[in-house]
Amino acid sequence: MGSSDERAVLQLEDENPVRVEHFDRKASSLGTAPQRSSYDLEADDDSHKSILYSIRRNIKIFFFSNKLNILVPCGPLAILVDELTDQHGWTFILSLLGIIPLAERLGWATEQLAFFTGPTVGGLLNATFGNATELIISMYALKSGMIRVVQQSLLGSILSNTLLVLGCAFFGGGIVHSNKEQLFDKGTAGMNSGLLLMAVMCLLFPAVLHVTHTEVHFGKSELALSRFSSCIMLIAYGAYLFFQLTNQKNLYMPMAEEEDHIDGSADDEETPEISKWWSILWLSVMTLWIAVLSEYLVNTIEGASVAMNIPVAFISVVVLPIVGNAAEHAGAVMFACKDKLDISLGVAIGSSTQIAMFGIPFCVVVGWIIGSPMNLDFQMFETATLFMTVLVVAFMLQDGTSNYFKGLMLLFCYLIVAASFFVHIDPESIQDKPQKHIG
């Protein structure tokens with residue numbers, strides 16, 4: 001019995017409201033509960049079935065719509081290995097693998113929720129949750145006093161997005177569309193490049209103060225400058241968001257889609273796969289689960305560095321950002337291959353801008369609140385690496401075109417950066433000190 005029976009029940013109640021009410025009063029006066037008709041029982045049964053069907057459908061969409069979800073069991077395995085053994089290396093690896101599908105599903109749930117909130121709130125959601133994984137890991141590292149891990153992981157996220165992700169997108173798109181040069185909005189790219197250069201400037205001055213020993217109050221001026229600059233960066237990023245969300249031209253709408261939007265001839269309009277409340281539920285669950293795994297990840301970084309004989313700087317700058325952004329990396333390459341290069345730039349350069357202008361100063365302000373001396377002095381080696389990276393990317397984006405050779409150059413630059421951090425000794429890291437050779 002389906003919905004036709006439910007309509008029949010509702011119609012019967014609408015036609016005879018007095019009769020139904022009289023029957024209920026009579027039954028209650030006799031001290032007995034009113035007997036329910038077979039129509040009511042069948043309607044309730046159908047409603048229960050529809051609820052169960054909705055739960056099954058949403059779980060199926062969430063867990064079986066992406067192949068990366070095969071890595072979800074790695075999260076519980078990481079917790080078991082940490083509790084039952086002292087194998088920090090395995091705990092670290094399993095935690096990393098377990099975070100990959102969670103980060104992808106977090107981004108997916110954010111996109112689903114954006115369908116119901118409109119472009120303004122949707123843009124704010126994407127700005128907030130776009131780099132949630134890196135920020136959660138950074139918060140746990142900051143709470144544990146691992147300031148260098150926070151600095152290097154955020155720096156590595158910028159480097160991987162600007163060189164590795166953008167390089168793969170340019171290379172993949174250039175190979176697929178080898179008969180032409182792909183185009184993107186160079187105005188938007190130029191604005192993001194300007195924000196990245198501003199972030200480099202804010203990181204450069206504390207590092208120069210530290211190296212030249214020209215502080216007015218040694219050990220205090222550097223921290224005070226970092227906190228002041230962080231507040232300015234947050235205000236600037238807020239103004240950028242306001243400009244982006246109130247501007248008539250959507251900065252992250254591809255040029256081809258923008259023309260279709262103006263003409264009203266969009267061919268394939270996307271629709272949400274799940275409801276608003278299911279989106280909020282999955283968003284909350286994924287955020288909590290990433291937070292749990294991030295704690296195990298941060299606690300085993302130093303042990304994994306010793307077990308695998310890999311510098312902490314290399315793990316923080318190269319390994320963590322690549323694994324944490326694996327799903328975004330794949331998405332950027334996929335959009336570039338579909339000749340939607342503006343979306344790829346929104347993922348790569350837009351994400352780097354969020355980390356540089358929001359993630360880093362946010363961690364400084366949080367450290368200020370909890371009494372941790374988190375500052376913008378990323379050491380001279382890291383700051384110089386970021387400065388050269390932003391310059392190279394700015395030159396690559398200035399003409400608004402891309403090809404596979406530009407992508408190849410960016411990938412080669414990232415390989416050089418990764419190799420540099422593999423042989424780099426962080427002066428503040430005990431694990432990275434060279435061991436004395438015997439004999």
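Placed from the backbone N, Cα and C atoms, the Cβ positions cover glycine too.
Curation does not apply to TrEMBL; its annotations are automatic.
According to TrEMBL, the feature domain 'Sodium/calcium exchanger membrane region' maps to 90-245 (among others).
The annotation transmembrane segment is assigned in TrEMBL to 120-142 (among others).
Summarising the annotation, TrEMBL assigns transmembrane segment to 154-175 (among others).
If you look up TrEMBL, you'll see 195-212 (among others) marked as transmembrane segment.
Long-range contacts of the transmembrane segment (224-243) within the same chain, counting only residues at least 6 positions beyond its ends with a Cβ under 8 Å from a Cβ of the stretch, are 123-124, 127, 191, 195, 198-199, 202, 205-206, 209, 353-354, 357-358, 360-362, 364-365, 368, 374-377. The transmembrane segment feature in TrEMBL is assigned to 224-243 (among others).
Non-local neighbours of the transmembrane segment (277-298) in the same chain are 58, 62, 75, 78-79, 82, 91-92, 95-96, 98-99, 102-103, 105-106, 109-110, 112-113, 116, 129, 132-133, 136-137, 139-141, 144, 146, 149; each lies 6+ residues outside the stretch with a CB under 8 Å from one of its CB atoms. The transmembrane segment annotation in TrEMBL covers 277-298 (among others).
Residues or ranges marked as domain 'Sodium/calcium exchanger membrane region' in TrEMBL: 278-421 (among others).
The transmembrane segment annotation in TrEMBL covers 305-323 (among others).
Per TrEMBL, transmembrane segment is recorded for 343-369 (among others). For the transmembrane segment (343-369), the residues of the chain that approach it from at least six positions outside its boundaries are 127, 130-131, 134-135, 138-139, 142, 147, 150, 154, 157-158, 161-162, 165-166, 169, 173, 184-185, 188-189, 192-193, 195-196, 198-199, 202-203, 226-227, 229-231, 233-234, 236-237, 240, 251-252, 254, 325, 328, 331-333, 335-336, 375-376, 393, 397, judged by C-beta separation under 8 angstroms.
Per TrEMBL, transmembrane segment is recorded for 381-398 (among others).
Sequence-distant contacts of the transmembrane segment (404-425), counting only residues of its own chain at least 6 positions beyond either end whose CB sits under 8 Å from a CB of the stretch, comprise 159-160, 162-164, 166-175, 178, 310-311, 313-314, 317-318, 381, 385, 389, 392-393, 396, 432-434. Annotation source TrEMBL lists transmembrane segment at 404-425 (among others).
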Positions on the same chain near the transmembrane segment (195-212), where near means CB under 8 A and six or more residues out: 158, 162, 221-222, 225-226, 229-230, 232-233, 236-237, 240, 349, 352-353, 356-357, 360-361, 375-380, 383, 386-387, 390, 393-394
Same-chain residues at least 6 beyond the ends of the transmembrane segment (305-323) whose Cβ lies under 8 Å from its Cβ atoms: 87-89, 96-97, 99-100, 134, 137, 148-149, 152-153, 155-157, 159-161, 164, 329, 382, 418, 421-422, 424-426, 429, 431-432
Helix, strand and coil residues within the domain 'Sodium/calcium exchanger membrane region' (278-421) as assigned by DSSP: 121 helix, 2 strand, 21 coil
